[in-house]
Amino acid sequence: MADTEQQRQQTSADGEQEPLLGAPGDASQQQLPIYHNFVIGTGVVAQAGAWILAAIVWGSVFSHDLMLFSAHPLLNSAAVLFFIQGILILQPTHTAKQKKQGTYTHAALNDIAVLAAVAGLIIIEYNKIDHGGTHFESPHAILGLVTYILVALQAVVGITQYFAPGLYGGVDNARAMYKYHRVGGYITLLLMLATVCAATQTTFNENVLQMQLWAVVVASVIVVLGVGARIKPSKFGWFGQQLRSSLLKDWYYYYIDYEGLKKSLRSDSTRNPWDEEDEQRFVNQLEEELDKVFTFQKVKSQEIIRRINASEKEVSEVISRSQAAEQNERAKASAPTEDEFMLLEEDLSDVIADVHDLAKFTQLNYTGFQKIIKKHDKQTNWHLKPVFAARLNARPFFKDDYDVTVINLSKLYDQVRTRGHPVKGDAGAGGKQQNFVRQTTKYWVHPDNITELKLIILKHLPVLVFNPSKEFEKKDSAISSIYYDNTDTWELYQGRLKKTEGAEAIRLRWYGGMEIDTIFVERKTHREDWTGEKSVKARFSLKEKNVNAFLKGEMTTEQVFEKARREGKKSEKEINDLEQLAKEIQFRVIDRKLVPVTRSFYNRTAFQLPGDARVRVSLDTELTMTREDNLDGRRRAGGNWRRTDIGIDWPFSQLASEDVERFPYGVLEVKLQTAQGQEPPEWIRELTASHLVEAVPKFSKFIHGSAILFPSRIKLLPFWMPQMDVDIRKPATHHFGLDRPGHSTDASTSAAMDDDTDDELDGDDDGRPLNDDANVQRLRAARDALEQHEEERRMEQANGNLMDEEERLSHKPIANIEDDYPLYESDDEDDDLEEAKRVGGWSYRWKLAKRYAQLAADRTLYVLKNASPLPKPTPVPPKGGTMGVPSTAVVTQKRFRAPKGKKIHVPVRVEPKVSFAAERTFLAWLEFSILLGSIAATLLNFGSPLALASACAFTITAVAALFYSLALYLWRVRNIQNRRAVEYHDRWGPSVLCFLLLGAVGVSFGFRWAGGDGGGSGLKG
């Protein structure tokens, strides 16, 4: 083995930042209590309207003499108030724990609202019967009756779908009702507010209460604005609407005609039974849509490749002139100008934006086909999904891999950005540096955002290629690691999870395919900050044929490094260090009976300036963990150091579901090496704060894979497990993403650049035209000619090779699409608007009016949009696939539900100063208690009853503070010792103490005021 590969790497492997006492169970941030939903975002507006409305009603009632009927407006206004609270508590819920808490709180609040409403109804009916009044004649009475019925229905549906889903035929059917229950709740709220407004026109109000209509209307509008602004249309799951809002207008006619397919599906299935003729007609229409999408996607892919090739020639030509000008004085006249480089950069930015748009186009259309097939199978009872899988496989528009495109764009963009002087250095230099410290943070990336994230990063850092002279292959980015542990004690797993001092992880890693002969033996050691040491990763390399002998102790460490000593390429000290490392690892493997347990596989895209480790970003995709053990009576690795029945053939469809875990997200790792006090680059801060990533401190592939793959043997689970139930996609919180250059506003790069003429007419400050350079004009002309040529050849190029492509791909294995891979939430029920249009009548007019009302409400609420909270998360799509597109493997979806007997471990860093802080807090409380006790003792020296009462009050306060602080201190110490992630902040203690103190002072002044001087005679001797 080459000596250059025998090296030791010492890095800050665990240099992530985390709160002093850790973060409670959420994977990215501290989880706020559920009651924050009452006021988050525009919840404050809704609360203001609700309480103003209640104040109007209650003020009017209590300002007049009370009677039995007075309870009716009081109870019903209370019902409205509690109903609003029940809505707000679920806007939003992020984690499984929050969903459960929110659901129970929602049910409790609505139960109170229902009880109040029923009591109000009983009172009004009793009053009507007692006085012989008529029923349900006024608008208020009619609206009230409808509202009562809706409230009852909402209560029944809400309780049964959550607590008795079996009544609906199962959990899935019950969940399908959620959307309608949600819509019904909002409609019920509107009816409640309308009923209150109508109450101002009743005789009782005009003669007794005298509530003003305008005041009630204003309060109701405030409630609607506050609640409405927090409604997320995506929660209602209309995929057609989401498709229309997400498509690019220039590509409008190339998207799947989802609405047209739905109309075709309904037109016959709702009138007559679906027959073979209907099926053939629908399949033909579906194939036309698939051909259209596949052809366009293929054309755009080829267009992007041609544009990259053309840009490569232009960049090469411009850089050649630049280098010639630097070396030859006579060539300076032809040196490229800054405008030429800017134009090239704009062209490349335009191509980058097109790659992003094409990826989004692919995602949307694939989802559309999956949705319409599922809808077809459900409505017609004809099973088209298995058959259509072969059609999709023959036109695999969703299988494009953009890795090669990203690498080529990265190379060109880096050359243009550096003006032909890219940073030189050893691509592997980052791995050879020793004892350097990095700050490392990890993030999850949803498959929908992976391509966009790569394109954003490459505009700041080039893709790191270790062998630029070799043509890139997919396997070049593959990384596989075999993790070792003791399957009886799981001591390495436990240590890495708890982050105990000195915790180790031992793994064997190789880069590329199974034919790679160089295997790296690595050890990661965790060090606590208070030790003054840094966590390190150290490794050395072995030939694959020697791995088994080394791990069994049959090959000594002297034999491992015999060649290195003989060649003399490394110093004796370096070899001794590596030999000591090898001895320690070999001893631990043998002594602790460590065996292979988990393999991790992923494809890594690394972004870094060659030889510069200050900023390094890596993105791991297609992350998969597999079992390597010999437990459960199955010999997977056998006596070998790794199993040999799998390689790097992701998604490992040959493995049983219990042997593989396909992680649903990409893993972004940002490593910074900055000077003390130096801030990270601005673009890094914007990226990590954007909607594209979800922070997951201390995420570990080894820990996650072991926890999932060995559920019966591992009881302590990592803290991010509950986050697996939550969709990490988020709306854009600030302007961050890919932008097209300023010269083009079109979404498609094939659009003509009509604004070039305008640019040429503009001048700079001295009156000279900006773009009068002949070279710039030549580049523009070449680019425009290329665009025109591509436009003319587009359909010809696509149709010419279409059949050959289909014939070639039709021999591939058929994709298994038994599971759905939704990119967007959508219901499986009908969208009734089109059906109502076909039927006509008042039903269609009512639904059309509702749609226009919804559009008007959207415009009204646009101003409040930015104040809205984060949306409720949705179920995570099934695992597998890239770019939001599923793999062809059978994917077993693993939903985390913490089973009985298991615990979630939250990483908690406890430093010595934490205990000191708890002691100081207790001493502060103790000091306060002593002060109050001293006041009480002084008051006892006065001989009046007033002094005795005051002394008792202060004594009670002092004793209460003393015992409370002691209990709190003991509770904190116990939790700190057990490293529990609980809420150490005392929310109520200081406030309660202030109220007790205020009460004691109030007692003193109260007795003094009531009894004069109390007959005291001064101090007792």
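Indices start at 1 and increase along the chain as displayed.
Using N, Cα and C of the backbone, Cβ positions are placed for all residues, glycine too.
Per TrEMBL, the feature coiled coil maps to 779-808.
As annotated by TrEMBL, compositional bias 'Acidic residues' applies to 753-765.
The domain 'Cytochrome b561' feature in TrEMBL is assigned to 36-234.
Under the heading region 'Disordered', TrEMBL lists 1-23 (among others).
Marked as region 'Disordered' by TrEMBL: 736-776 (among others).
Residues of the same chain lying 6 or more positions beyond the ends of the transmembrane segment (38-61) and with a Cβ under 8 Å from any Cβ of it are 70, 73-74, 77-78, 80-81, 84-85, 88-89, 91, 193, 196, 205, 209-212, 215-216, 218-227, 229-230, 864, 867-869. What TrEMBL records for 38-61 (among others) is transmembrane segment.
Same-chain residues lying 6+ beyond the ends of the transmembrane segment (73-91) with a Cβ under 8 Å from its Cβ atoms: 34-35, 37-38, 40-41, 43, 46-47, 50-51, 53-54, 57-58, 60-61, 102-103, 105-106, 109-110, 112-114, 116-117, 119-120, 123, 151, 185-186, 188-189, 192-193, 195-196, 199, 209, 223, 227, 230-231, 869, 872. Residues annotated as transmembrane segment in TrEMBL: 73-91 (among others).
What TrEMBL records for 112-129 (among others) is transmembrane segment.
Per TrEMBL, the feature transmembrane segment maps to 141-163 (among others).
Under the heading transmembrane segment, TrEMBL lists 183-201 (among others). Sequence-distant contacts of the transmembrane segment (183-201) (same chain, six or more residues past either end, CB-CB distance under 8 Å): 53, 57, 73, 76-77, 79-80, 83-84, 87, 138-140, 143-144, 146-147, 150-151, 153-154, 157, 211-213, 216-217, 220, 223-224, 227, 231, 236.
Annotated transmembrane segment per TrEMBL: 213-231 (among others), in sequence order.
TrEMBL lists 922-940 (among others) with the feature transmembrane segment.
If you look up TrEMBL, you'll see 946-971 (among others) marked as transmembrane segment. Residues of the same chain lying 6 or more positions beyond the ends of the transmembrane segment (946-971) and with a Cβ under 8 Å from any Cβ of it are 918-919, 921-922, 925-926, 928-930, 932-933, 935-937, 939-940, 986, 989, 993, 996-997, 999-1000, 1003-1004, 1007-1008, 1011, 1014, 1016.
For 992-1011 (among others), the entry in TrEMBL reads transmembrane segment.
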Within the same chain, where does the transmembrane segment (922-940) have neighbours whose Cβ lies under 8 angstroms from its own Cβ atoms, ignoring anything closer than 6 residues to its ends? I mean 6 or more beyond.
947-948, 950-952, 954-955, 957-959, 961-962, 964-966, 968-969, 993, 997
Are there residues at least six beyond either end of the transmembrane segment (112-129) with Cβ under 8 Å to its Cβ atoms? List them, or say none.
68-69, 71-76, 78-83, 86, 135, 144, 148, 151-152, 155
Whole-number mean of pLDDT values that fall within the coiled coil (779-808):
42
